[in-house]
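Here's what Swiss-Prot has on this protein:
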ACT_SITE  ASP10  active site, nucleophile
ACT_SITE  ASP12  active site, proton donor
BINDING   10-12, 18-22, 53-56, 110-111, LYS142  substrate binding site
SITE      THR53  site 'Stabilizes the phosphoryl group'
SITE      ARG110  site 'Contributes to substrate recognition'
SITE      LYS111  site 'Stabilizes the phosphoryl group'
Amino acid sequence: MESAKVLFLDRDGTINRDIGRYVSSREEFILIDRADEAIAIAREAGFRIVLITNQAGIARGIVTPQDVEDVNDYLNELLAERQTSFDRCYYCPAHPNYPHPEYDRFIDHRKPSPRMVEQAIADLREEGFEVDRSASFFIGDKLIDVECGQRAGLKTILVRTGHNEESLCEQHQIFPDHVADDLYQAVTGYILGQPTSRD
């Protein structure tokens, strides 16, 4: 079994701009500056890359599973331009306030539950990779991302893009290992310890 370090990433507000509603099409998907570069750098440094995202707009009838998958496919197309991609993508379609007969069985996968992370770890194990949690990270813009990562035994980074819930984390006494301005700084400045100059 090969040891693997993994970068688990939230999507909206971390990789792409939070537009104030569910992203339902490629046209609404706008990369945050240098997010794709950050993912490529992490891949070059030996990280497996896994997407973990809540998409409750599905249960609410605002977006469809196909919409979410199309947007994720588009993201992978953008990453392919940098010769990188996600190893796996997971999303939770459920929401406790919007019961849906098709999606309610996934409610316990919703972040901050670590179920999607644990599923990814199990799937990678089936492929011959044993995830080293002590060398793996969860990066997101919300309190639930930090909590999810911590519950899965990962190091956590909160980014100030998107919702920027730094003060909310403090209120709930849930502290990430690091706070970064954006995904690029999180990867290069903290995980890899490289200079973060944008020149």
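Note that Cβ sites are derived from N, Cα and C of the backbone, with glycine treated the same way.
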Candidates ASP12, ILE19, ARG21, THR53 (recorded positions) passing the 10 Å Cα cutoff around LYS111 (site 'Stabilizes the phosphoryl group') are THR53
Between ARG21 (substrate binding site) and ASP12 (active site, proton donor), find the distance joining the two CA atoms and give it rounded to the nearest Å.
10
Long-range Cβ list for ASP12 (active site, proton donor), cut-off under 8 Å, min separation 6+ in sequence, same chain only, gives ASP18, VAL23, THR53, GLY162
Counting other Cβ atoms within 10 Å of each residue's Cβ, which of the binding-site residues ILE19, GLN55, LYS142 comes out lowest?
ILE19
Cα distance (Å, whole number) from the residue listed as 'active site, nucleophile' to LYS142 (substrate binding site):
9
If you count, for each of the recorded positions ARG21, THR53, ARG110, LYS111, the other Cβ atoms lying within 10 Å of its Cβ, which residue has the minimum?
ARG21
Under a criterion of Cβ-Cβ distance under 8 Å and sequence separation of at least 6, what residues of the same chain contact the residue listed as 'active site, nucleophile'?
ILE52, THR53, LYS111, PHE138, ILE139, GLY140, ASP141, LYS142, ASP145
Simplified to three states, DSSP reports LYS142 (substrate binding site) as coil
Can you check what DSSP calls ASP12 (active site, proton donor), collapsed to helix, strand or coil?
strand
